[in-house]
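*Asks:* If you scroll down you'll find the structure; I have some questions about it.
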Amino acid sequence: MEVRGGVGQGSAARHPPAPEPSRAAARVQAGDALPLPIRHTNLIFSALFAASLAYLMRRWREKIRSSTPLHAVGLAEMLAIFGLVASLIYLLSFFGIAFVQSIVSSGDDDEDFLVGSGSSGSAAAPSRQHAQAPAPCELLGSPAAAPEKMPEDDEEIVASVVAGKVPSYALEARLGDCRRAAGIRREALRRITGRDIEGLPLDGFDYASILGQCCELPVGYVQLPVGVAGPLLLDGRRFYLPMATTEGCLVASTNRGCKAIAESGGATSVVLRDAMTRAPVARFPTARRAAELKAFLEDPANFDTLSVVFNRSSRFARLQGVQCAMAGRNLYMRFSCSTGDAMGMNMVSKGVQNVLDFLQDDFHDMDVISISGNFCSDKKPSAVNWIEGRGKSVVCEAVIGEEVVKKVLKTDVQSLVELNTIKNLAGSAVAGALGGFNAHASNIVTAIFIATGQDPAQNVESSHCITMLEPVNAGRDLHISVTMPSIEVGTVGGGTQLASQSACLDLLGVRGASRDRPGSNARLLATVVAGGVLAGELSLLSALAAGQLVKSHMKYNRSSKDVSSTTATEKTRQREVDV
């Protein structure tokens, strides 16, 4: 989600001047002189033109055959000629004016014919919104403007959306203005539900940047605070971790862990595996036939052929292996491939589809049930991800000196080791945890994911983590490590292209794709995530061992605000600013 600091705009921006009389006059249609709507007059005159022309052509053919002079006309023919000329004048005037207006009108005037002309010519308009977004319309721009009268065109569209005549999802394509579409959809939502969402910002966001790739049917955007923890000294480099969160103490705690790591010489990391997976499921008439395909896919002699077919999907996609499992006559095929700096779900799905099409030639009785059979496994806790890994498999470790444990973390090595064994290892086993042998890895993973434009839902498997603490150097120092087998991140595609998220990636030095070493930016981001988890685990376990958790959360993570009165005060202040 895009996070912007300044949402409010000046009253001048929210209340654009009324159209000049000359511009309003330029929008006059040829059918405005008639009492019927334009589409009805167009239909009538088009039918009159066609009928008159057909009648005259038929009569003239009859006169030629009977050698009757063409200039000898009766009353019916005179009426037909009159209708032909009148309809021709109307149609030429209507389409002529529309053509001239399409040339001389500015980009902001293209929306005036929405209801009359449909979606013609508006498909390319959203791409221009980034260059210059139009001023928000009245009523939709701010809460203070709500009681004012809407522009007539917008009022008609809102009414059509509320009545179900115009689908809400089609507004961007028909209007060619993503900001205006969001405002109209927002007003329609208010009228349908009877509830105000004025606390949800509308202005200050580039809606064209999410069209067709990040979010559908937008009505605003959510603001989240972004804190910075660090520096995290990792592999000899310093990183400042952007964390989008609403949980008090989280950034401060991670920051303390970063300090302890830095004062102990830093942390090191290693990427064990880099492969995104997709597992389609196919059904066969018999289990024997399913086993035959399983044997074919797992035969090393066939790997090169499968690789050629799979790798056609992208210049970055490289097939690494195929792992199969059977359930009756159903075959689950787990394809693994490298995906460069992209998270890679779309890339691997395309490659899998190529292979399935190829296999269909030799296995005609294969019935592909789904491109995803949950053996992948995406956005779900699973043993296959915990054991085999998915995305980037990373181990991050550090040795924390005895003095740092005492001065920075306010505890001792023995207490930390004992707590980790009883809580993270034994306690998680008692709970039957799957990949949850840690204190709060998900906190750090999710905060960094949201800040850097990753898929927050993939926090499920990306937070799989086992935290290990051991005494070293005769028990004086502490060795801490986190092993995370399935960190699913990318530095291109999806939400990474949004301005705020792109800025956070730039802060880490991993924005975009690496030209020299494809995939290195995504791998570096994965190690930074693991390093942040290492710092967060170290600090939280220390707080638990020292008995500081409740005290710190009551101080920094407990709201004492009267929300209702605060909201009312903020609304009053906003109205005063608007006035």
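Cβ coordinates come from backbone N, Cα and C, glycine included.
From Swiss-Prot, for reference:
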- E247: active site, charge relay system (ACT_SITE)
- K379: active site, charge relay system (ACT_SITE)
- D455: active site, charge relay system (ACT_SITE)
- H553: active site, proton donor (ACT_SITE)
- 570-579: compositional bias 'Basic and acidic residues' (COMPBIAS)
- N311: N-linked glycosylation site (CARBOHYD)
- N557: N-linked glycosylation site (CARBOHYD)
- 1-22: region 'Disordered' (REGION)
- 101-153: region 'Linker' (REGION)
- 154-579: region 'Catalytic' (REGION)
- 555-579: region 'Disordered' (REGION)
- 36-56: transmembrane segment (TRANSMEM)
- 80-100: transmembrane segment (TRANSMEM)
- 524-544: transmembrane segment (TRANSMEM)
*Asks:* Give me the CA-CA distance between D455 (active site, charge relay system) and N311 (N-linked glycosylation site), in Å, as a whole number.
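*Replies:* Pair distance, Cα basis, whole Å: 25 Å.
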*Asks:* Just to verify a number: CA distance, E247 (active site, charge relay system) to K379 (active site, charge relay system), in angstrom, no decimals.
*Replies:* 23
*Asks:* Say we define neighbours as other CB atoms within 10 Å of the CB. Which of the active-site residues E247, D455 has the fewest?
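*Replies:* Each of the active-site residues E247, D455 was scored; lowest Cβ tally within 10 Å is E247.
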*Asks:* If you measure N311 (N-linked glycosylation site) to K379 (active site, charge relay system) at Cα, how many Å is it?
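*Replies:* N311 (N-linked glycosylation site) to K379 (active site, charge relay system), Cα-Cα distance: 25 Å.
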*Asks:* Does K379 (active site, charge relay system) have same-chain partners at least 6 apart in sequence with Cβ under 8 Å from its own Cβ, and which are they?
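*Replies:* Counting only residues 6 or more apart in sequence, the Cβ neighbours of K379 (active site, charge relay system) under 8 Å are A457, Q458, V460, E461.
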*Asks:* DSSP secondary structure for E247 (active site, charge relay system), reduced to helix/strand/coil, please.
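*Replies:* Going by the DSSP assignment, E247 (active site, charge relay system) belongs to neither helix nor strand, so it counts as coil.
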